[in-house]
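What follows is one structure encoded as structure tokens, with my remarks underneath.
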Amino acid sequence: MAAPLLENLSESLGSTEPAVRLILSILIGYPCALVYRRFLFYQPATVIHLFHAFSGLALAAFNFGSQIYHSAVCILVQFLMLRLMGRTVTTVLSSFTFQMVYLLAGYYYTATEEYDIKWTMPHCVLTLKLVGLSFDYYDGGKEPSQLSLEQRNGALSSVPSLLEMYGFSYFYGGFLVGPQFTLRSYQKLVAGELTDCPGQPPNSVIPAMKRFALGFLCLVIYAIFSPYYPDSYYLTDEYDAQPFWYRCVFILLWAKVILYKYVSCWVIAEGVCILAGLGYNGVVDGKHKWDACANMKVWLFETTPLFTGTISSFNINTNAWAARHVFKRLKFLGNKSLSHVTTLIFLTIWHGLHSGYILCFSMEFFIITVERQALALVRDSPLLTKLANSPLYPLIYVVQQFLHWLFMGYPLVPFCLFTYDKWLKVYSSIYFCGHVVFLAAFLIIPYLRKALVPKKERSQIKQD
């Protein structure tokens, strides 16, 4: 009965059945959160863990059928590692190796040349959760003075129970598409501590509905415009026959539209977390904050003219996870650029085995490097600073946004097309213009800096 109904719904929406199942599953998180608030908030931890585990398993089974055993096995193995191996570097390395190898094996055996919604999609989210769990358990054995604030907030004093790990891993607000959160945050949720009303369910309905409305708006935008900007159009003779300017503008508009697919899912899922209480982030300036699980800063995403601004506003929790568990733990290398490159290599592998991911993240590093050089040039040059603060800035902003989204879309092409033959065809059709511009800027900006900025006034290029 359900299968024909979903098939008909998918056809009427012009979407695939797996995509419809995914969206419905994210939306089902809202009634699950209401059930938790109304009936389970005051219940013992065991009851809450059971509810989170079985509701998440049900959603997983609805989407992936018998393939849910992959996640169940990895959670069990992670539990045994923590229980049997203790707080050791060996535990962390074993966890990292096992979880990443399992994920990459899944990518290898299920990979196609299209973007498919299959069990590896939530499993990549789970992999970060479980690897992060091993780091947090290891940090729990250190003196607090040896830990950063982030590490102290996530550190675990003891091994969680198996049921607790399943509840944490399958929590309906984060299992399918994220966000990332620590076991300590989950423990506070279960203990009823994540609330603006001590001892009562949080007053989070309105903040949750605001995120739902915003996420739904993004979903509507994507549903309306995505048929006009499909990935497949890049590979058609019609695209090749278009004028050069049209092909470039198509990349810009396609990039804006395609990213709403991710934005909508993350913002709607964030609303689920807020409704349950997991999104509570304390009081700032006398106001209760609900952004602990924010994976998107939508206003910044829409308005920033900078590549760094877009990156800092997009997939926030995954970027924070990588910064906390990879970038900052590489401090011993003594080189931020090397740590940055290593982190990007990790994220590349974590995303999948396609060559498009390698090209996308390598271009990201290159683009950020060029942008930092350009910002330093504008900051240190009196002439360019004056121009940036002049009445002409609105016009400059429009030009900035055009170039920003054109060259944001450029590395997204291989990210979304995956394979060498596809993204090479697209880049060839636009004469590798992005590569040429990036390389030219990389080579020219240092000379402009020397010409326009006196040596004593040059600031150091910031390496965040």
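Every residue gets a Cβ built from N, Cα and C, even glycine.
Remember, TrEMBL labels are computer predictions, not curated facts.
Long-range contacts of the transmembrane segment (20-37) within its own chain (CB-CB distance under 8 A, at least 6 residues past either end) are made by residues 6, 9-10, 13, 48, 51-52, 55, 59, 62-63, 117, 172-173, 176-177, 201, 208, 212, 219, 265, 268-269, 271-272, 275-277. Summarising the annotation, TrEMBL assigns transmembrane segment to 20-37 (among others).
Remote same-chain residues near the transmembrane segment (44-62) are listed as 21, 25, 28-29, 32, 35-36, 68, 71-72, 122, 161, 163-164, 166-172, 175-176, 190-191 (criterion: CB distance under 8 Å, separation of at least six residues from the stretch ends). Under the heading transmembrane segment, TrEMBL lists 44-62 (among others).
Residues annotated as transmembrane segment in TrEMBL: 92-110 (among others).
Under the heading transmembrane segment, TrEMBL lists 212-229 (among others).
According to TrEMBL, the feature transmembrane segment maps to 244-263 (among others).
Per TrEMBL, transmembrane segment is recorded for 333-350 (among others).
Look at TrEMBL and you will find 395-420 (among others) tagged as transmembrane segment.
Sequence-distant contacts of the transmembrane segment (426-448), counting only residues of its own chain at least 6 positions beyond either end whose CB sits under 8 Å from a CB of the stretch, comprise 234-235, 239-240, 244, 247-248, 251, 363, 366-367, 369-370, 373-374, 377, 407, 410-411, 413, 417. Per TrEMBL, the feature transmembrane segment maps to 426-448 (among others).
With pairs at least 6 apart in sequence, the transmembrane segment (92-110) and the transmembrane segment (212-229) have fewer than 3 Cβ pairs within the 8 Å limit; the two do not touch. For the transmembrane segment (244-263), same-chain residues at least 6 beyond its ends with a Cβ under 8 Å from one of its own Cβ atoms are 215, 218-219, 221-222, 225-226, 228-229, 231, 233, 296, 298, 301, 314-315, 402, 405-406, 408-410, 412-413, 416, 429-431, 433.
With a threshold of 8 Å between CB atoms, the same-chain residues lying at least 6 positions outside the transmembrane segment (333-350) that come near it are 100, 103-104, 124, 127-128, 318, 322-323, 326-327, 357-358, 360-362, 364-365, 463-464.
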